[in-house]
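Enquirer: One structure follows; several queries about it will come next.
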Amino acid sequence: MTDWSRRRFLQTGAALGIAGTLPQTTTEVSAASPTLEKFVQPLPIPSVREPDGQRDGADAYEIAVTEFTQQLHPDLPETTVWGFDGSYPGPTIEADAGSPVHVRFDNSGLPSEHLFPVDDRLGGTTAENHPGYDGPVPEVRTVTHFHGLELDPANDGQSDMWTSPGGVEGPRFDSAWQELPMEQGRTTSTYHDHTLGITRLNAYAGLLGLYSITTDAERELGLPSGDYDIPLLLQDKEFNDDGSLHYPEEFVSAFLGDTAVVNGAVWPYVEVEPRRYRFRILNGANHRSFDLQLESESGSGVPTMYQFAPGHGFLESVVPIGPNGDLDSLLLTPFERGELVVDFSDHAGETLTLANGADMGPELTDLVEFRVSDPSTPPEDASADPTSLSLPTPASYDESDARVTREMTLGTEVRNGLITHTLNGHVFGDEDAPVYPQLGATEIWELQNESGGRHPIHLHLVTFRVIGRGPDGTQPPDPNELGPKDTVRVDPGERVRILVTFEGYTGQFPWHCHMLEHEDNKMMIPFVVENPVADYANEENVVDATGLTDAVGDWRNETLETEVLLEVIDQWRSGDEVA
C-alpha cells in the first residue's frame, strides 16, 4: 500500500464514522430494492444534442424538462423519471472553447405535483425562506446550473432563480435564456438542477446531463475519440417493486441507495475492444462517494487507469491509478470528475469490473462490467500512449499572490431534530454573505472540517488549486488534485487549503457542499465579488478626473492598495464603463 493509499484509507474510514454519531432520523433506512441481475443490459451512451439554430450569433438550444417513463432494467417495470428532452440522463451538450451557447429550459411539461414528497421544514420550500419575496412557492420548481462554467450571476442558474410549470418565477429569476460564453479552458462537467430546498429531489428524479468544452490543445493530445470516448455518470438509487424510484418521505441528511445506475441503466455492461479508451467519469450521486478501481473476474492483473484531468484543464502530469500506480484508486465525491485513459490491449477475452471500494451505507461494490473482445486481428489504435502524454502546462500559481487568507470552519449543530450545518459557528444562511472578494484578487481559503462527515465543497464562478490538506493543511494534495478544480473533498478533522482568484464577473455567487441533502439543508451561502474600481466611477459608470483624484487621495492616505490605484488609472485612461 502506497503512502497515498494509506492516507486515502484513513480518510475514507474517518468520513464514514459519522454513521454511528448522528440521530437515527438522518440516514435512510428502508426496504431493499427488488433483487436485480447485474450486467444484463448494455451501457447507454447519452446522445449529443444538436443546436436548434442560432441566437445572437450563438448556438441555441431549447430543451424540454418533462416527466416520462424509462426502462432502467429489463426486470423492472418502466420507471417514472424527470429528464431533459425526454431522456435520463439528458443529452450531452458539446462546444468549442470560445463558441457561445444559449440554452432555454422549458419546464411547462412537468406536473404540478412533485415525484417525491417535499419536506417544507427545509429552507426554500416556503415564501419566508426567500428574503424580499412574498409570492407563491410551488411544489414543482426547477432551475438549471452549468456546474463549473464561468458565468455572470444572471446566467449561473442559482438556486432562487427557479421557475414553475405554471409560470411562477423565483425572486432572482432574470431570463428564460441562459447565455454561456464558453470562454474558458477545456471542461467535462454536468448541467443539473439547483433549486432551493429541492435540489436533492429534482436531481434524484433525473435532472442532470453532461456538457463539455473542447480546445485545440486537447485535440492535439491524440486521446481516444468517437466510439472510444465513453462517459460514465455514476449514481445510486433505490426502487420499489413497481419500478418506481424510492426516496424518503421526510428529510434525511444522507441518502444512500442500494442499486448502481450508470448513464441511466442499472448495472450495465460495456463491450470494448482490446485497445485504448477514454473515460469521462462523473459522480452524480446525491451523497455517495465512489472509490473506483478495476477488478478482474479471473483474479489476474488489471489495466492501469491513467488520469490526465480532474474535470477542468489538465493535471500537472498523468497519474497512474491501480495496483502499481501512484494511487490505488480514484476517489470521487459527489460532482467531482475524473478523466482517464485505460488500455485493454493486454486483456483480450477477459471480463473486468469497475468496482467501488467506498464502504458507505448499503454495500455497492460493482458498478459497470467491461467485456473485452478477442478478435483474431488486433484493432487499429492511433491514439496516444497515455504514459507518454505531453500535457499542456497548467497556469502557474503562487501562494504569495494571495491578498487575503480566510478561515472557513465547517461544523454542525442540532435544531428542531435536524442536523444543521454551521460556518464559523453560525448556521449557514443565518447571516449575510460573510466574504466580499475583490474582482481580480487572489485569496487562500482554509476549509477546516470539524463536523462528523465528509463535505465536497463547490464554488461557483471560479476554478481553484488545492495547495494543502491533512490535519493542519500542510500535507501535499493528492497527485490527481494537481490541476484546476471547482469541487474539493474535505474530510472530517481535515484542513484543506485552496488558492482561488475571483475573476471574470462581479456579483453574488454561491459556495456550498455538493452532497445534495446537505445543500438543501442550508449548507450553502453566497460570496459577493466586488470591483473596487467601481467606487471611483461617476453616474455614467466611468472613471473621470474627479474619481481619479479621489483614488490618488485614498492611496496617499493608505486606504487604497497600489494595485487598485493602478486599475483605476487604467480605467480612467480607457474611458470605458467599469465592469
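Just so you know, glycine gets a Cβ as well, placed from its N, Cα and C.
Worth saying up front: this structure is predicted, and the values here are computed from it rather than measured.
Feature list, courtesy of Swiss-Prot:
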- His145, His458: Cu cation 1 binding site (BINDING)
- His147, His192, His514: Cu cation 2 binding site (BINDING)
- His194, His460, His512: Cu cation 3 binding site (BINDING)
- His455, Cys513, His518, Met523: Cu cation 4 binding site (BINDING)
- 82-214: domain 'Plastocyanin-like 1' (DOMAIN)
- 423-530: domain 'Plastocyanin-like 2' (DOMAIN)
- Asn449: N-linked glycosylation site (CARBOHYD)
- Asn557: N-linked glycosylation site (CARBOHYD)
- 1-31: signal peptide (SIGNAL)
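Tell me what's around each of these sites.
Expert: When secondary structure is read from DSSP and collapsed to three states, His145 (Cu cation 1 binding site) falls in the strand class.
In sequence order, Ser189, Thr190, Tyr191, His192, Phe335, His458, Asp486 make up the list of same-chain residues 6 or more apart from His147 (Cu cation 2 binding site) whose Cβ falls under 8 Å from its Cβ.
The 10 Å shell around the Cβ of His512 (Cu cation 3 binding site) contains 25 further Cβ atoms across the protein chains shown. The secondary structure of His512 (Cu cation 3 binding site), as reduced to three states from DSSP, is extended strand.
Proximity of Met523 (Cu cation 4 binding site) to non-local residues of its own chain (separation of 6 or more, Cβ distance below 8 Å) is seen for His421, Phe428, His455, His512, Cys513, Met515, given in sequence order. When secondary structure is read from DSSP and collapsed to three states, Met523 (Cu cation 4 binding site) falls in the coil class.
Looking only at the domain 'Plastocyanin-like 1' (82-214), the predicted model's pLDDT averages out at 96.
A simple way to gauge crowding: the CB of Asn449 (N-linked glycosylation site) has 23 other CB atoms within 10 angstroms, across all the protein chains here. Mapped onto three states, the DSSP output places Asn449 (N-linked glycosylation site) in strand.
Cβ neighbour count for Asn557 (N-linked glycosylation site): 8 (other Cβ atoms within 10 Å of its Cβ, all protein chains included).
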Enquirer: For the Cu cation 3 site given as His194, His460, His512, which other residues of the same chain have their Cβ within 8 Å of the site's Cβ centre?
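Expert: Along the chain, the qualifying residues are His145, Asp156, Gln158, Ser159, His458, Phe509, Pro510, Trp511, Glu519, Met524.
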Enquirer: Distance check, please: Cα of His145 (Cu cation 1 binding site) against Cα of His518 (Cu cation 4 binding site), rounded to an integer number of angstrom.
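Expert: So the Cα of His518 (Cu cation 4 binding site) lies 17 Å away from that of His145 (Cu cation 1 binding site).
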Enquirer: Among all the protein chains here, how many other CB atoms are within 10 A of the CB of His455 (Cu cation 4 binding site)?
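Expert: The answer is 26 other Cβ atoms.
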Enquirer: Quick check: of the recorded positions listed here (Asn449, His514, His518, Asn557), which one has the Cα closest to that of His194 (Cu cation 3 binding site)?
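Expert: Checked the recorded positions Asn449, His514, His518, Asn557; minimum Cα distance to His194 (Cu cation 3 binding site) goes to His514.
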Enquirer: Compile a sequence-ordered list of residues in the same chain as His514 (Cu cation 2 binding site), six or more apart from it, whose Cβ lies below 8 A from its Cβ; state 'none' when nothing qualifies.
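Expert: Expected: Thr333, Pro334, Phe335, Pro456, Ile457, His458, Thr487.
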Enquirer: Show which residues of the chain containing His518 (Cu cation 4 binding site), separated from it by at least 6 in sequence, have their CB under 8 Å from its CB.
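Expert: Those within reach of His518 (Cu cation 4 binding site), by Cβ under 8 Å and sequence separation of 6 or more, are Ser253, His421, His455, His512.
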